[in-house]
Amino acid sequence: MTKSIIYVLIFGFLNFFFLLQKIQRLDVIRNNTFLVTFSDTIQMTYLIGYFAYTVDLFYVYKYGRDDFLKYFKTFDHIDQILGMTSYDEIRKIIVRILGICTLFFIISSTVDYVCWVEGFGWLSPTLYSLDYFYFFLSTLMAVDGASHVVQMEFRLKLIKNLLQGYYNPMNTKTVPNPNKVWAVRSDTGNLQLESLKTLSHGRFIEAIGFNRCYLLLLDQTSHINSKFGIRVLIFCLNLLVNMINLLNVSIRFATGSMLSPNGVSRLPSLSSLLRLLNWSAVGISMVLHCEKVYREEEKIVEVIDLILVNKVNSATLTADLLTLRNLLLTRPIKFHATHFFTIQYPLLVSVISSAVTYTIIMLQSIK
């Protein structure tokens, strides 16, 4: 705790010092006052990064070891009911996400730093390289959130696979053609089952187990939203500001309206585009994994509909499946930023639209 407070104070001092140097270096002094335009202020994204860093530390101490143990014990309970065996696959996906994001960060940050040093010398780029550190922390936060979302995705996928195994024991890999689900019946009389007691090659799982598991997954979703909600909100704000900043810098250097002290150089334009792609990749990855969870829920509903229409089920099983279907439709799993917005594809459209709009407005000031 003490070390974290010391780190916060140190980074706070550095941010204040860099902000002061930024204002003095940009000193368009008129009547003995400092003038900092919006285009100058928006470049100081490390201030948002510092705020995100302090919020991350707050949530680390708020949700301590005991809360995380309870969180993962709930997953253990769900796995015991469903017979989860995909731990290696989950670990590989998380490691792959972390590896790709880290590699992309190292490449983009190194190229960006070298390009700015080539045009502005080593002092100024080194002073403002603190922004790279904050971006890496934002990347780690996004990867951490994605790892929890992947956990949810695989539990839902297992529920879907078990229900598919009951609907069509001979082929559990795919759902029948969605264009013909009501006309085609692929199960035979010899393989037709009356209850979920023969689910997945004879494994006994009562339908109520699915309902209980889904309710537990909803609790896990609430924990994820409470832990990452405000942090995702800050990340999206940081993403928007950086996209506007990097687009402006890239276009200004490309058109020659912004020049480096060491002469005309197009390298900062290319490096800014590379960093823009890095930010975009992290944001897209986060949204993509959330959308995969939503798609798994939709697939579960499709399989339940197939079972209810195309199979002869007991009254108990039908009631249980209808309950599960009602839960999926009325209480879907949604990842949100403290209820400001839901993390889904329209969020990307909104961010890109806002970035392009403000970029056009700011580029109108090019002389």
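From the backbone N, Cα and C atoms, a Cβ is placed for every residue, glycine too.
The annotation transmembrane segment is assigned in TrEMBL to 5-23 (among others).
What TrEMBL lists as transmembrane segment is 43-61 (among others).
Counting only same-chain residues 6+ beyond the ends of the transmembrane segment (93-112), those with a CB under 8 A from a CB of the stretch are 132, 135-136, 139, 142-143, 146-147, 150, 268, 270-272, 274-275, 277-278, 281-282, 285. Annotation comment: TrEMBL describes 93-112 (among others) as transmembrane segment.
According to TrEMBL, the feature transmembrane segment maps to 132-150 (among others).
Summarising the annotation, TrEMBL assigns transmembrane segment to 228-247 (among others). Residues 42-43, 45, 48-49, 51-52, 55-56, 59, 135, 138, 141-142, 144-145, 148, 272-273, 275-276, 279-280, 282-283, 286, 335-341, 343, 347, 351-352, 354-356, 358-359, 362 of the same chain, all 6+ positions outside the transmembrane segment (228-247), place their C-beta atoms under 8 angstroms from a C-beta of that stretch.
Listed as Cβ neighbours of the transmembrane segment (343-363) (distance under 8 Å, sequence separation of 6 or more from its ends, same chain) are residues 38-39, 42, 232, 236, 239-240, 243-244, 247-248, 251-252, 283-284, 286-287, 290-291, 294, 335-337. Among the features that TrEMBL reports, transmembrane segment is placed at 343-363 (among others).
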Chain residues in Cβ proximity to the transmembrane segment (132-150) (below 8 Å; excluding those fewer than six residues from its ends, i.e. six or more beyond) = 45-46, 48-50, 52-53, 56, 90, 93-94, 97-98, 101-102, 105, 109, 112-113, 220, 224, 228, 231-232, 235, 238, 242, 278-279, 282-283, 285-286, 289-290, 292-293, 335
